[in-house]
Structure formats: C-alpha cells, structure tokens
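Per Swiss-Prot, the feature ATP binding site maps to 335, 336, 337, 338, 339, 340, 341, 342; the stated evidence is sequence analysis. Feature annotation from Swiss-Prot assigns domain 'Smr' to 710-785.
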C-alpha cells in the first residue's frame, strides 16, 4: 500500500487518535508502525485479535497492562556485561509483575470458558519469573532507591548511619538552645555545607566553637562552622555513607547479574506485552468510535451498512450504505460540487485501510469490506470552479501511474475525473479511463460533475450511477448517497426558491432540449421511489433486528433455565432435608425425655405411640434428587437422518434434526431454538400423521441488553438501591461474570449503602473498589458466583 494514498486518505490521523488509547510507549511504537496488510489471512488474524481484545474489554472493562515500560535498552546493557541503576531494575521488575498479572488475568478468562484462541496463545508465551520479580520488589522502589530490605548489611549500615546523624543533630541543637545562641549565631538552624552538618556563626564569635569553617555568607558576616565537638561524628557519618554507597553498588551489580541470566525471557515478555497493549488500544479505539468488526471478502465485495467517516463529528456525520463488487464493479457519482461526493470516496478508502490494518470500522453489524492488494486514489482540491492546466497535468500524471500498476485486486478512487480541461474532451477522457480501469479488473468509484457520464452507468453492465441527495427546500446537500440514481441539475428549483422570476425560469426550460428535461424528470421520480424504498427497508431491518434480539434473549434464558433447574431442585431438597433433620433431632430429644418420664413411672404414654411418632418424622424427610438422563428402552438403534423427529432426553423436549456435526453430535431445532445435542441424548420419535396447523408470527422488540456497568451518580439513596437490585438481576440474566457499579466518591454514604447491600446479596461472590484505571473508590467491581 502506497504511503501517498495513506496520506491522501488521512490514515495518519487515525493512527494519531489510536495512540491516545495506548498504555505504554511500546504500544505507541506499534501503532506508529501500523500499515494496512494485503494478505487476506493476515487481515483475518489481525481482525480476530482486535475482536478478542474487544470481548475482553466488554467483559472486564480493562486489562492489567499499566506499568509496562520499554526496557530493551536496559537489556542491551546487560548483554554487554553492564550494571543497571535502581530505576532501570525497578522498570524490569514492573514488566515482570505485569507479565504475571496478565497471564493470571487471561487464565481466569479462559477458565470460565471465554473463547480467546489468539490472545490465549499469546498469553501462553508469557513466562512468570516470580522469584526474580520478588527479589526486585524487596530491593528497589519505584523511584529507583535501593531499600533497606535489599540486604541485612545495608539495613545495619543505614540504622547506624541514622543513629550517628541523630547524635550530630542533637549536639548541634544543644548549641542552638544555648542562652547565648541568639547573640553568637546568625540564625537558629542547622544546615549542610560540603555534605557536613554546620551552624551559622557570626564572624566575631568564630573562635568560640572551634572546628572547621566550611563556607561563609556573601557579606562575610556569617561563617558556616562545623564545631570541633561534632567533627569526629561527621567523619563517622561520612565513612558510613561510603559503606552505604559501596553496599548499594554491590546489590545493584548482584541483581544485574541475576537478570542477565533471563535476558531472552524478559525481552520476549516485553515484546508480548507490547502486542497486548497494541491490541487493547485497537479495541478501546473501536469501542470509543462505536465501531464493529466487519466481514471480510476476498472477492472484491463491499457492503457497508451505515458507514461513517471516522474523522468527522459522529453526531453530525451522515451515515451511508456503500456496496460494490456483486452486481457492479464501478460506481460513477454525479452531481454538483460541495455535495459530499469526495467524502464518500474518502469514507470507502479510509475504512478499507482501517480494516486491512486490523481496526474495527464505524458502520453497522454485518457490514462487509473487501481486502485489496492496492488502493489507489486521485483526490485533490477540486472544489474551485477554475481549473488550471497544471492541475489537469498533475491529475493525468497520477492517473497514468495508477493505470500502469493496477490489477484485479485493486480499488481505484477517482475524484472529479476528467476535470481541468475542455468539458467535452474531459468527459470523453473520463469514459475512456473508466473503461481502461475496468479492463484491468479493478473496482472503481469515481466522482464527476459532467452530465455526459450519467449515461455511463446505463451503457455498461459492470457500472452503476450514484448521486448525493440535494434538498431544494433548504438549498443544501443532505450528504445522503443514492446508489442507482444519477445526479440531476437543481438549477431551476434553486433559482425559483431564491426568487427568480417564473417567466425567466419558463424561458430557460424551453431552451433545454426535451431529452435532458425528460431525463431530469425521470431522475426526480427515481429519487422519490428510492427514498420510499429505503424508508420501508429501514423499518423492515429494525423489525428483523428486534426479532433477532428476541431470539438471542430466548436462547439465553432457555439455556440458563435448563442449566439451573436441576441444581435449584437439588438445593431445595437439601435445604428441606436439613430443616427436617433439625426437627427430627429435636423430636428425638423430646422422645428421650418422655421415655425417661415413663421409666420413672409416668402413666399414659405407650411405647408404640413413641415409635409411631418417630417413624412419621423420619418419613417426612425428603430424599435428595439425583438427576440423571432418562435412558431409552433397549431396542435396535435407529440410524438418525436429517429431518427426523427426536426427543432430547436431558431436556424432555421434542425437536427436529437439522444437520449432523459429527457421529457424536447433531444440530437440533427445538421450537425456535437451535442447539447442539449429543447423539446419546437423542431418542427417535416415529412420525405422526401430519395435522393442519395455523402459524401465527409475532415480532416484539426486545429490551436493550444489560450493560456491564450501572451509573448511580446523582441518584437518591433509596432509588439507587432499587436500581442496584433490578440491575443485578438483569446482569445475571445477561450472563456477565462481573459488573461495575459507579457511585462516585462524594460523602461516601451512597458507596457505603451499596457496599452493605452487595455483601448480603446471595449471588455476589466478591466486591472490591476499582483500580485507578477503573475509577478508583468511586466504582465498585462486583463478581458473581
């Protein structure tokens, strides 16, 4: 892919936005090196990586990547036998910590059944060096300072040094407290000169304290003197400082030597973590842009649904459907300038580059985009009315280069094709260039304001016309792309709206040839029919989306029901048994007391009555239900075939075999639900005489699925707890393993109330405040059982 095309389509601006989502310089560097791939399998892999990253962000909100640092230069120094300083060692330790946390994080996701084939394999490459990490953690802090816990010798030296410094300060403070201090000292402070503790003495009293003069004030009136009484203590202090420095150097050298044995492993861990940071940055970028993972085509098929230009304001940009490569391979967009034709070209081109770089694209679900070997673009500033020869020459030079390199795996974007020269010659050139591009097998989208090219889409089976809608009421373009409808002139309508005399407009219409007038009327009619069809299509698509959501909800609820049913029955039976056992024990005690009374001579209590009472209590105890799959009666096994009616033994439901997955498993249609069922769990049902049935179809719009977070900021206390209760039910039904509840920091009352409520909820496994990247103690993370 040419860098020139990336610049024309502003792919560099996308990369700049993407860097804002990286957590480390390693992620940023990977983004700067990002370029569109042209190999179909490579693009598939990078898209799947991003999709897996997005899945993790949806489930967990974030990943433990904070603290990752570029340590490759540190490892280079270790390779040549050099020692690292404390900060460099800490940064390596931080990377080891992130490696361990990331591996544990990924293992937790994999253990609960989250499918992450690519990122799971990437996680497997991380090596946990727990002992090395711990050695660094007890040796240096985040500022690079060597800690007392690094060695016993260092701890002893520093303890002795602190005591010595205390003795020096105590002695000097005694001078400051002396009753003559105000007379002999310039200021009652202890300071340091030449790394020695000194006091500021007035010039005339320098002989009173003896010792060494280390400095004097600018005026010479104050001398900074180390009194003779602390010289020896200061000397001892200096000696201890030298020992401390020597021990620190020994510790750093020792740790550096131990790290040198793991250079390759640390290098690989850092590289893998950089990949994770890059992938999560792509995922977070896609989430912020409300983007989707597109289907990929290796056959030049593009079908973008509600595609938006990613660099324009999402609240204002007009989304358009763009399709190419099935019924036609060339689109000619006609119509006046400033109508949004160029934005359409750039949207298609930029989304292609993004998709081939492994980025999600701003469009709706089920959008398809092609993977091209080459993307060519001849797009310039063609908005001015006057075109110079130099501009025409520049465009033609570019087009010559494009036609010399294009192949059948190419996408060409021509903006204002043939502009800058005589209109008649320019239109003829444009047609010839489009034919030449098609002959090379390329996919082409071209814009032009030449009316002569309107016929191109009708005269060529591989081509179609398109236009950008214009609202004559507001005298402005709507930026809505209309594929299949050529652009028409709006000059008469605009003139009438602006107040031009109707007589002039009528005369002007009479000067236009009948064929052109009829063509404009036909285009106008096409636009109206197209708008009506699009409205009906959108309504149908919305209904289909609602039906799809309903089906997903039902599938999830039915699956959860069958999974939980037996468990709930057994739990209820066990609880009932516990209650009865307790009652039985109490009854046993009562019976024992009654028997004792009988032995002591109490009358009226029969032995058989006691036995009967105990037997009745024992029979009241329910037995724990052990649910097993009912076994079909032994008979000659039936050879299952597609279309057979069957009973699913574990569910007690009837269904129909759709297709065989393997000898051990079938796809079975159970009502409106399609499920994978093991062959041993199926029982053949003899076909019954068909009965006439009345089929009633009803589509209801399902509610929005529960989000992974609940925002309570600004809510009253009682209302907030009600919302939490309802939200937890929705989140459990949606299958989230954990959710985030945002309550803010404030006075802490809401946070405390929410925390107490969560502690007593039967389905909550654990709660914790969010990490810094998750919102700190303004957010509570809830993990379900």
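Note that Cβ sites are derived from N, Cα and C of the backbone, with glycine treated the same way.
What you are looking at is a predicted structure, and each value in this text was computed from that prediction instead of being measured.
Every protein chain considered, the tally of other Cβ atoms within 10 Å of the Cβ of residue 342 (ATP binding site) stands at 21. For residue 341 (ATP binding site), the Cβ neighbour count at a 10 Å cut-off comes to 27, with all displayed protein chains included.
Same-chain residues at least 6 positions away in sequence with a Cβ under 8 Å from that of residue 340 (ATP binding site) are, in sequence order, 318, 468, 477, 479, 481. The residues of the domain 'Smr' (710-785), classed with DSSP into helix (H, G, I), strand (E, B) and coil, number 35 helix, 19 strand, 22 coil. When secondary structure is read from DSSP and collapsed to three states, residue 340 (ATP binding site) falls in the coil class. If you take every residue in the domain 'Smr' (710-785) and average the pLDDT, you get 82. In the shown protein chains, 27 other C-beta atoms lie within 10 A of the C-beta of residue 335 (ATP binding site).
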